[in-house]
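Beneath this line is the structure, given in structure tokens, with notes to follow.
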Amino acid sequence: MAELACFCYPHLENDSYRFIPFNSLAIKCMLTAKVDKKDQDKFYNSIIYGIAPPPQFKKRYNTNDNSRGMNYETPMFNKVAVLICEALNSIKVTQSDVASVLSKVISVRHLENLVLRRENHQDVLFHSKELLLRSVLIAIGHSKEIETTATAEGGEVVFQNAAFTMWKLTYLEHRLMPILDQNFIEYKITVNEDKPISESHVRELIAELRWQYNKFAVITHGKGHYRVVKYSSVANHADRVYATFKSNNKNGNVIEFNLLDQRIIWQNWYAFTSSMKQGNTLEICKKLLFQKMKRESNPFKGLSTDRKMDEVSQIGI
């Protein structure tokens, strides 16, 4: 995760802003600079290579002292920064909005995946600039649209029906901020269209999840799509979701947290996110992840007859 201010800076032109991507040498200057505390939140002028991000975001970049940041010296950093600028420059951002826009925390890996989709000649985003920019504006939280299958970050499609598409995420192969744990495996489910979904299509998805992904929890980050994650990683997801939710509220970026379909979401996660929305502390919310929940009455009794036992997946074992 990183703020938009880690990728670009605003340049006032008439009554709105044009956004310009940072270059890696300017960032490198900022990372070595001694800056007064009072100037930590201001864009840094490298003198030689142009404007750099505010020094308060130093930890967002990979250095000798911090291996968890972005690999900003890779070509992918520039591609992501340029893509963000293209999207922001396609809309009007005024002086009253610019601080709020740049403070938004975004998924770096999501943006890298959109770059990969853009470069894939077989992908609809390669052929449609309008759809590409819509996808980016959704990814950076500047659109009220939810991420649907056409505007999704992408990955490897492992399941699809008339209503849903399930993707295997490819973060292990990333350049900008790769997942280093070689045991990482995670999926994302997007709706094909933002409209009511028939019970039969929900039933098909739940059957697939129950039999092929029975070692995983179905959760949501509140953005209109589902994530299918290992139970061992649920607590980590909870920390991130809670931190992003609080950060957005603090910065005035109040975005409705979409709890999604309770029949699909893991019961404990639904309790966690509901508690978070009510304003409870992280400690109180996380306790709900580890409590034994009273089983809801199964809205889809008989699902077990939809698959034979020899079809049960070993994924995640």
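Using the three backbone atoms N, Cα and C, a Cβ is placed for every residue, glycine included.
Per Swiss-Prot, the ATP site holds SER107, VAL108, ARG109, HIS221, GLY222, LYS223, ARG227; the candidate it also names there, chosen from LYS79, LYS144, LYS188, LYS195, is LYS188. Each residue in the region 'RNA-binding' (205-241) gets a DSSP state, and the totals come to 19 helix, 10 strand, 8 coil.
Looking at VAL108 (ATP binding site) and HIS225 (active site, for NTPase and RTPase activities), their Cα atoms lie 17 Å from each other.
Spacing of LYS188 (ATP binding site) relative to HIS225 (active site, for NTPase and RTPase activities) is 7 Å (Cα to Cα, whole number).
In this structure the residues listed as binding ATP are SER107, VAL108, ARG109, LYS188, HIS221, GLY222, LYS223, ARG227; their two most distant Cα atoms lie 17 Å apart. A sphere of 10 angstroms centred on the C-beta of VAL108 (ATP binding site) encloses 23 other C-beta atoms.
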